[in-house]
């Protein structure tokens, strides 16, 4: 049986079967990022000989309707797949009420009790709010953005996570006036050399950044779709107060694990009281032997959809198929779909220095210019690749980072190579495909003696 229930957002939005990634995460994000890339391609196309004189503008409603139609097809596909596999699906909120027992409450408030031999918790996370006047009344989150029934207009994005920068990037790419309010650093946990390059690129392409400020109040000046909001913010370094007016305020300041209201205390499952995350062993088993957990709710694990899928698949194979393979949480590739895409696998430079010592790592780096960008003469020397090697282990590659178009496609292949223990010498001996962006990885010879030297 699958129990799946979406608690509506403060603005009343909910969605279908498939979780965050399908409905309000990776899928709509990538499609809207693609919409922004198409806008850039239209500009480039003139230099390639394409001629068009009519006004080119973007229609928000056409885009959101197309995106939501595709998501709806995925929702239906999952329901069909569950039925074909004889899995009972209940659109109901599940919470433990006793040993081996859950209560399921549907949207009409009807309750049912179910018992099972084993349970798998995969409740994920939901966006965090600021707990300031006006945040839940007037602000939106990524749970609202992708089905927003009107163009958001002039937008303030609060946060510096990948969600904040991705959303700010595609909104600006669609022609909107976008400002990002940053409390401290960009992309915490990612390579900071790359993070700063992303910030510089976004600023150069018209996105405003307000650094070291946090909102303390949001007020509605005018109702509408969109209306007008006044945001009051305070400096994190002093007492300076600033105000600004926007049509939409998007909060992307982090996410909280959905574990505190599902009755875990009733069955004795331990959670990290500060974060709500669930500690598990290397087989995704909680401290209660018959209860398992996967995904973003796990303590000290990666918050990535493919990781949750892999962990769940291997767990089921171990429990019911006699398999023994466990999920490998090391060297997992990921991509941040900012306007200049960022693909990464392995250690950041900061983490590598902390783990192995600065004297034991070698960093190679290079800027590059995609061939496709040369004809329209844009963004020369903005794309960047960095390879981090462990000197003590035959210069084995322990970190791969690339900033450029199709970064995810490039990184996926290198992730397999890193899993196999590729060394810098082997990388150098790999002949590049010419002319593509990925060939930069087999030609990097520039040593980076300090992350401040570019």
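Using N, Cα and C of the backbone, Cβ positions are placed for all residues, glycine too.
Since this is a predicted model, take the numbers as computed values, not measurements.
So that you can see what the record holds, here are the features copied from TrEMBL:
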{"type": "DOMAIN", "residues": "17-312", "note": "domain 'FAD/NAD(P)-binding'"}
{"type": "DISULFID", "residues": "21-26", "note": "disulfide bond"}
{"type": "BINDING", "residues": "30, 94, 296", "note": "FAD binding site"}
{"type": "BINDING", "residues": "159, 160, 161, 162, 163, 164, 165, 166, 254", "note": "NAD(+) binding site"}
{"type": "DOMAIN", "residues": "332-440", "note": "domain 'Pyridine nucleotide-disulphide oxidoreductase dimerisation'"}
{"type": "ACT_SITE", "residues": "434", "note": "active site, proton acceptor"}
Residues flanking the NAD(+) site, with Cβ no more than 8 Å from the Cβ centroid of 159, 160, 161, 162, 163, 164, 165, 166, 254 and excluding those residues themselves: 157, 167, 187, 252, 253
Whole-number Å value for how far residue 94 (FAD binding site) lies from residue 165 (NAD(+) binding site) (Cα to Cα): 33
Residue distribution over DSSP helix, strand and coil in the domain 'Pyridine nucleotide-disulphide oxidoreductase dimerisation' (332-440): 40 helix, 33 strand, 36 coil
Other CB atoms within 10 A, centred on residue 434 (active site, proton acceptor): 7
Which of 94, 159, 254, all binding-site residues, has a Cβ with the fewest other Cβ atoms inside 10 Å: 254
Distant-in-sequence Cβ neighbours of residue 163 (NAD(+) binding site), under 8 Å, six or more positions away: 142, 252
Residue 30 (FAD binding site) versus residue 254 (NAD(+) binding site) - Cα distance in angstrom: 19
Inter-residue C-alpha distance, residue 434 (active site, proton acceptor) and residue 296 (FAD binding site) (nearest angstrom): 39
Nearest of the recorded positions (21, 159, 161) to residue 296 (FAD binding site), judged by Cα-Cα distance: 21
Rounded distance in angstrom between the Cα atoms of residue 161 (NAD(+) binding site) and residue 21 (disulfide bond): 16
Of the recorded positions listed as 21, 26, 159, the one whose CA lies nearest the CA of residue 94 (FAD binding site): 21
Cβ neighbour count (within 10 Å, all chains shown) around residue 165 (NAD(+) binding site): 26
Chain-internal residues, separated by at least six, CB under 8 A from residue 26 (disulfide bond): 305
Rounded Cα-Cα span from residue 30 (FAD binding site) to residue 21 (disulfide bond), Å: 10
